[in-house]
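Notes to accompany the following structure.
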């Protein structure tokens, strides 16, 4: 090991060594009151965007106005609204209404709910969001993934066929709980919880859900009367191929024809973005053409299923239908929380994406409040879960929307449909709705994003693949649990097994960097420099102690084999150690004792202010000696080299300074 007889400078002479070598000591920050420190940490956790800054030095009347504008952003931008803005929003609103009406009916069928609920859900929630939302581009409505989740989770407890009334009431209740949960996250500033759904998780989950939704539509495409309620691919394919004698070629031909039409219009719109309206109008065009075709040919008498009667009128109240009693309340609560999180993740991600394109900012917590309030209002007006779907928002964006008034225009168009036009949907074939859903879902299977993950980060790709496989081969809930579990496991591995590097000197410079990243970096004779790349907590303290000990052993073996200068000093570069807990401090104390026992000396380089405060309170600095804590790696190496060349083996006196 190292030279056990070597005497090192300490105490006052160590301070002289610092002066002789021109190094600087790491300082302990001035103490702060606990309450002030806690307040600062809570502010950074819950209010990183400093939302109260605008209220400073404002009179009481102005503060009231600012509070109203904070919760109702429409009060802020409405006074500046112009007629040219309205013309743009009018075109956008009508365009997305043409998409929202057929999609709303389709997604309601996907959720095993009455089709009219899809129209109800495209009327009230967009009006609420227009007043409370901060995104200019988000187009509110029902989404396929949430619809599938509702059908999957509620369908396990209550059959929508055998007990449709209870199933409907549970859907309203789940929507209410989703709204409460979303609004609570916003009011409590807990929006960072949604960030645990990583990009890789969302890509895999959405692709898996889209695949499952497409498979579910085989029922409509083939004209099957009975179909499995399970969502996994094995059950679906078994259900499809066990009923080959019931396949209806009329439905299959009609469905494939409309699916080809929808995909063709999307292709043209992608090739020529100015022709976005072709793709946007295609679903409604399909509904009109399909209805006319069925009416003229009486196809409903030849196995082509149709929507049937849709009653006229606006949303009836449903607050008295919410279920808050056992045994179904917990099912609705669980469904509401899970669908609420997924809806938040999708809506906020979509809103931020388009805000980035237009160079404006949306408040995530404010968005959560808006989503929560619109879903609570929706649950009381016969609506089920809504958010900001990507397809509809993309059409809104491409149509040139200026503000959330486009949602008001869309809601107005839906209102007119509810009041006067619902009988026209009587002959709409279900196979057209299936085609609309499949066409929309194929856009959610983002294989390019998956390939990008593979190229950049294999672990993220595994997270994506785990989410996809869990949804497709298990269920939507299983896929979500797998994806979140893999993501959390990755976080835990980063915390529990942080990276450590051997650091060397870049030739002809005073710069010290990882030898793994810079192979040209040279070892410093007699000195081992290690960089710790993470905070030191109870979860990784034991690992770091063992890993550092192994680094030391490996370095001594290497030096012994090569006949180079024996190891004398170990320098820990703590630049990346943002914080440390009591377990970490205990680890440093134990490691120092072990290093001293084998005749080596430990030095620290650049510990942060938070780390220095805790080391000082724990008396570690006093026990170690402040002369062994340096501001930079370079200064630590300079000081160790100075002492290495001035200390005399076997001497009991402090060495003289050159």
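Using N, Cα and C of the backbone, Cβ positions are placed for all residues, glycine too.
Whatever TrEMBL says is automated annotation, not expert-curated.
Within the set 105-123, 200-218, 219-237, the record from TrEMBL flags 200-218 under the feature transmembrane segment. Looking at 365-383, 384-402, 403-421, the range annotated in TrEMBL as transmembrane segment turns out to be 403-421. Check TrEMBL against the ranges 337-357, 505-525, 526-546, 547-567 and you find transmembrane segment recorded for 337-357.
Cross-referencing 302-319, 428-445, 446-463 with TrEMBL places the feature transmembrane segment at 428-445. The transmembrane segment (428-445) and the transmembrane segment (337-357) are not in contact, since fewer than 3 Cβ pairs between them lie under 8 Å (pairs 6 or more apart in sequence). Beyond the ends of the transmembrane segment (403-421), by six or more residues, the same chain brings 74, 77, 81, 85-86, 89-90, 92-94, 96-97, 100-101, 104, 119-120, 122-124, 126-127, 129-130, 133, 135-136, 138-140, 312-315, 396 to within a C-beta distance below 8 angstroms of the stretch. By the count of Cβ pairs under 8 Å, the stretch nearest in packing to the transmembrane segment (138-155) among 167-188, 200-218, 247-268, 337-357 is 337-357.
Using a Cβ-Cβ cut-off under 8 Å and counting only residues 6 or more beyond its ends in the same chain, the transmembrane segment (247-268) has close neighbours at 220-224, 275, 278-279, 282-283, 286, 289-290, 293, 299, 302-305, 429, 431-432, 434-436, 438-439, 442-443. The residues of the domain 'STAS' (517-640), classed with DSSP into helix (H, G, I), strand (E, B) and coil, number 63 helix, 22 strand, 39 coil.
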